[in-house]
Amino acid sequence: MNEKLQKVLARAGHGSRRELEALIKSGRVSVNGIVAKLGERLEDEQAVVRIDGHVVSVKAQEEVICRVLAYYKPEGELCTRHDPEGRRTVFDRLPKIRGSRWISVGRLDANTSGLLLFTTDGELANRLMHPSRQVEREYLVRVFGEVNEHKVRNLVNGVELDDGLARFEDVVYTGGEGMNHTFYVVINEGRNREVRRLWESQDCTVSRLKRVRYGDIYLDKKLPRGGWMELELKDVNYLRELVELRPEKETMIELNNSSRKRDRARSQKIRRAVKRHEERVSTPKGRSNNAARRKPSKADGQTNKTNSRNQAGSRSKPQR
């Protein structure tokens with residue numbers, strides 16, 4: 001073994017490379033009692049590696065099945081594992097697993113909702129996030145401001161932002177009234193607030209932003225906000241093949257999951273779990289659950305894969 005420490009730890013399932021690089025930079029990782037440095041290579045697989053003082057394995061989990069969740073992130077949740085102020089995070093509602101942990105594939109701003117993928121495979125997460133892979137992300141965005149042919153052309157051709165040139169791969173107009181306009185936009189990287197900053201460069205303010213697609217994985221219209229579903233084997237392998245990883249042969253869920261009755265029961269189960277979570281986090285101390293009970297927000301309809309792509313031709317585009 002002679003590889004960079006963050007790569008070894010990512011393959012062992014302790015996080016994505018970016019997450020682990022941040023941990024190493026902050027001095028939270030040690031090797032044989034010595035604080036590790038970014039770029040350090042691990043040559044001995046018997047070395048004692050600690051993260052936050054806890055000994056962790058550096059052996060690749062070859063026999064652990066790669067799992068992927070599709071989560072419908074609501075507005076207001078933070079993409080972090082722990083928040084010192086006690087605010088909700090995207091990890092709060094995910095199912096508990098033994099011997100591994102969920103790793104988020106990228107991030108969404110607190111005020112952005114929609115599809116967020118999680119996986120148990122750190123290498124898969126890292127490759128999907130890396131700009132060199134050019135994995136498409138599609139968003140439904142509502143903007144306030146004057147939008148014309150010239151501005152749309154700028155967004156497609158490219159705009160110089162603080163961190164370099166950025167552009168939309170596609171901009172599709174879906175309607176609007178007055179100064180409010182709704183578009184589907186596609187980008188192939190995940191820079192911080194990139195969609196919002198692109199529109200701001202054209203003097204338009206984003207009033208609503210929702211991710212509806214990552215690669216060819218679409219936000220399921222049956223999924224409520226705050227709900228999750230585990231991807232089937234074919235979808236997991238689509239993501240793995242997209243970034244040149246070997247396909248999986250097993251899955252943790254049933255292969256035959258097409259029954260309407262089963263789908264309906266699963267959807268109801270997810271909704272009940274979301275409701276219980278909402279009641280728990282919204283109950284002030286000293287008050288009963290019944291006194292603080294409120295209804296969870298209804299999931300708004302979302303265009304699925306068929307509607308998003310097959311109806312693309314029916315969306316009227318502004319003249320470029």
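A Cβ is built for glycine as well, from the same backbone N, Cα and C atoms used for every other residue.
Per Swiss-Prot, domain 'S4 RNA-binding' is recorded for 3-68, and the stated evidence type is sequence analysis.
If you look up Swiss-Prot, you'll see Asp109 marked as active site, nucleophile. Asp109 (active site, nucleophile) carries neither a helix nor a strand DSSP state and counts as coil. Remark: Asp109 (active site, nucleophile) has Arg193, Arg196, Leu209 as non-local neighbours, by Cβ distance under 8 Å and separation of at least 6 in sequence.
If you look up Swiss-Prot, you'll see 254-320 marked as region 'Disordered'.
Annotation source Swiss-Prot lists compositional bias 'Basic residues' at 259-275.
Marked as compositional bias 'Polar residues' by Swiss-Prot: 300-320.
Under DSSP, the residues of the domain 'S4 RNA-binding' (3-68) split into helix, strand and coil as follows: 16 helix, 16 strand, 34 coil.
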